[in-house]
There are 2 protein chains.
Amino acid sequence: MKNNKIQPSILPGFMELLPREQQIFKDIIRKITNVYEKNGFLEMDTPIIEKSEVLLAKSAGETEKQVYRFNRGSNDLSLRFDLTVPFARFSAQYFNELIFPFKRYQIGKVYRGERNQRGRYREFYQFDVDIIGNNKLSINNDALVISMASRAFKAIGLKDYKLQISNRKILSSVLKELEITNTTEVLILIDKYDKIGAAEFESSLIELIGKEKADYINKIININGSNEEILAELKKLDMNSEELKKGIEEIDTVRKMLKLLGVDDNEYTINLKIIRGLDYYTGTVIETFLIGNENYGSICSGGRYDNLAENYTDNILPGVGISIGLTRLFFVLKEIGFLDNYKVEKSIEYLIIPIGDTLEYCVEIYKMLLAKGKYTEIYLEEDKLKKKLNYANKLAIPNVILIGENEVLKREIKIKDMASGEEKVINLL
Amino acid sequence: MKNNKIQPSILPGFMELLPREQQIFKDIIRKITNVYEKNGFLEMDTPIIEKSEVLLAKSAGETEKQVYRFNRGSNDLSLRFDLTVPFARFSAQYFNELIFPFKRYQIGKVYRGERNQRGRYREFYQFDVDIIGNNKLSINNDALVISMASRAFKAIGLKDYKLQISNRKILSSVLKELEITNTTEVLILIDKYDKIGAAEFESSLIELIGKEKADYINKIININGSNEEILAELKKLDMNSEELKKGIEEIDTVRKMLKLLGVDDNEYTINLKIIRGLDYYTGTVIETFLIGNENYGSICSGGRYDNLAENYTDNILPGVGISIGLTRLFFVLKEIGFLDNYKVEKSIEYLIIPIGDTLEYCVEIYKMLLAKGKYTEIYLEEDKLKKKLNYANKLAIPNVILIGENEVLKREIKIKDMASGEEKVINLL
């Protein structure tokens with residue numbers, strides 16, 4: 001045996017959970033997966049390592065710097081940094097074998113060499129859901145995907161969230177109508193609105209495009225009221241732009257479909273300040289904030305894109321999707337105390353404790369409970385009773401079955417409710 | 001739009017499945033997970049990237065060559081090549097927070113730069129289940145873990161498997177008693193028995209240790225009969241070795257406990273030729289072969305070890321575990337045709353097809369079915385009816401609900417069984 005032990009530790013920026021929290025994490029995954037599968041989304045799983053040439057086909061400089069990239073033999077490899085690029089590659093590669101509209105979900109780890117800071121992870125789970133069509137895809141899918149987010153949150157018992165919905169076409173057309181040329185800068189600025197606050201935003205915007213245009217945009221992105229009222233205001237905009245009309249029509253259709261799908265009007269706000277950075281979105285865009293905890297950023301984002309896989313194929317694949325940053329979400333839910341009373345669906349219900357030479361009967365009961373679908377284990381170690389009961393307590397196992405020789409003789413099961421201390425005797429004879 | 005497309009492809013040695021097969025893969029994972037969780041095993045999830053210093057603490061040269069290792073900044077990183085080393089590291093690192101006996105399962109991708117050949121993967125899933133104790137662990141756990149394998153196979157409907165069980169102490173003590181010094185070579189040779197065949201084995205063994213000793217060992221490892229008979233023969237061995245007695249006693253206890261646990265005698269064979277390479281096993285060792293397809297190698301292997309985490313801690317953590325090479329298993333199951341009739345538990349049951357302007361009513365039915373726990377989707381695209389029905393056919397959706405204006409007026413649901421063609425009408429009024 002060696003005396004020089006290696007300090008067991010993991011890399012900074014990597015999340016690892018103890019069993020109890022891991023159970024919650026798994027429970028969350030299971031519940032969201034259930035929502036997606038019940039709605040016909042099919043699982044996709046792609047390699048974590050891909051050819052750099054394929055994975056970085058389109059990436060901008062900023063992403064590329066964060067990528068875990070290395071050589072092995074003569075191969076230039078990268079770890080995936082999101083699930084969208086692999087999805088695009090997959091859709092192009094197996095185009096002829098896929099059935100459209102193709103509804104897929106994917107959960108998996110992705111890698112980004114982010115600056116090390118609390119709550120930011122270098123390895124983290126993304127949980128994506130997308131629908132792509134071959135050449136066309138109904139706008140109703142945008143609402144369906146948003147309803148998936150709503151159902152997912154409800155499934156895990158999350159209530160204090162607010163979806164923020166916009167449509168890129170609206171601002172884009174307004175900027176065009178105003179003959180603004182530095183579109184990118186303006187959009188980046190609007191994207192930062194909530195971070196920098198109204199005052200700084202206003203003065204920066206004036207600097208960029210002058211007071212008149214700035215006032216106009218500021219007015220539009222700050223229209224207040226119910227979703228219906230905001231839409232009514234937008235419809236009044238005095239601009240003869242087809243794109244604008246299209247954008248407003250789309251968001252209106254989404255709103256109506258959301259109502260049908262059972263997404264309550266107070267679950268979301270139409271908010272033109274939602275941009276989703278410089279991503280590839282072309283219509284609907286979505287972010288989600290925790291009410292009262294908006295500072296943690298969006299926990300679920302996505303939108304509509306015109307053509308998923310243009311780097312890999314001539315086939316036109318329009319789609320819409322959302323992504324939950326699950327590792328980040330878990331961190332946030334822990335921070336805000338949501339996990340404290342989280343109820344895990346699947347965990348052990350019965351601990352059978354043999355006292356003396358009663359293992360045979362214990363195993364019989366164990367098999368009986370398992371056959372009934374119960375989550376059951378037997379304590380197999382020869383320890384003092386106190387230690388055995390401690391195991392149940394520490395693992396919060398609700399029921400303990402103590403089997404002494406007396407129980408074997410009488411063919412009895414004495415079930416002890418660990419919370420109330422109450423005992424219930426069942427006779428098997 | 002670019003004209004120079006990048007060929008979408010993945011690296012050789014990486015498995016990727018189309019949706020239908022992915023569903024089966026997921027179903028297998030789900031069913032095995034269910035078995036493990038019902039028996040009190042807790043999920044563990046560890047980073048795929050770890051510090052090379054930690055991950056390669058003990059590795060021999062052969063493993064190290066296969067490891068995906070790279071630098072990032074000043075860090076020397078490696079991708080995990082199994083789930084056991086991370087388990088050891090984890091158990092040492094969080095020792096004070098774990099509850100013993102600690103029963104964990106872990107499923108995850110691991111990486112090995114194997115020579116590229118059919119059915120060998122460089123990225124593959126392992127599915128491990130282990131029980132470790134603090135300082136001690138009852139031999140009954142060996143049987144429990146073996147019963148987990150049995151339950152897992154049954155859960156996925158696999159019948160033609162045979163577990164092979166041995167105990168390292170038996171051969172190890174016999175070699176000692178025979179005063180054989182080149183133990184490693186002998187063990188490696190026995191490990192290869194089935195590959196090279198009886199004749200070559202015998203001559204090689206004679207070369208290594210001489211005819212007399214070779215004959216003796218050959219006789220022992222080829223004892224025939226039922227498990228009970230093999231054990232009876234072993235008990236007759238005329239050697240005064242405590243270790244031998246211990247080994248036989250252990251395997252006998254395992255046999256008895258397996259019987260109690262409901263593992264049938266014909267599910268396993270006591271087979272002293274099972275060695276598990278030069279691994280760290282010290283008692284029970286297990287391999288599993290598909291009957292009639294033994295050439296694919298073991299699909300589930302494991303055993304008992306004395307001290308899991310000696311590289312990282314002074315705490316003594318004896319344990320027992322088994323590992324299923326899930327990606328490999330899936331490949332094999334596909335090869336032998338097992339997947340052809342595999343029934344996936346969770347897949348879409350109803351496709352609702354709107355005909356004309358009936359979306360509102362369709363969504364109503366969709367919500368009703370979802371609320372009943374049914375797997376349901378609506379066809380949202382404006383396509384010809386034939387294309388809509390094709391979608392159901394291609395995805396093997398068993399029931400289609402066509403909603404025309406007539407159905408809306410009558411508040412009817414007409415459910416068409418796609419296999420039989422039968423229609424059933426339900427009236428919602």
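Backbone N, Cα and C define each Cβ position, glycine as well.
Look at A:ASP82 (L-histidine binding site): DSSP puts it in coil. Spatially close to A:ASP82 (L-histidine binding site) yet at least six residues away along the chain are A:VAL110, A:GLN126, A:SER323, judged by Cβ distances under 8 angstroms. Annotation comment: TrEMBL describes A:ASP82, A:LEU83, A:THR84, A:ARG112, A:GLN126, A:ASP130, A:ARG276, A:TYR280, A:TYR281 as L-histidine binding site.
The domain 'Aminoacyl-transfer RNA synthetases class-II family profile' annotation in TrEMBL covers A:24-354.
Other Cβ atoms within 10 Å of the Cβ of A:THR84 (L-histidine binding site) number 22 in total over all chains. Annotation for A:ARG276 (L-histidine binding site): spatial neighbours A:ASP191, A:VAL285, A:ILE286, A:GLU287, A:SER301, A:GLY302, A:GLY303, criterion Cβ-Cβ under 8 Å with sequence separation of six or more. Other Cβ atoms within 10 Å of the Cβ of A:GLN126 (L-histidine binding site), summed over all protein chains shown, number 20.
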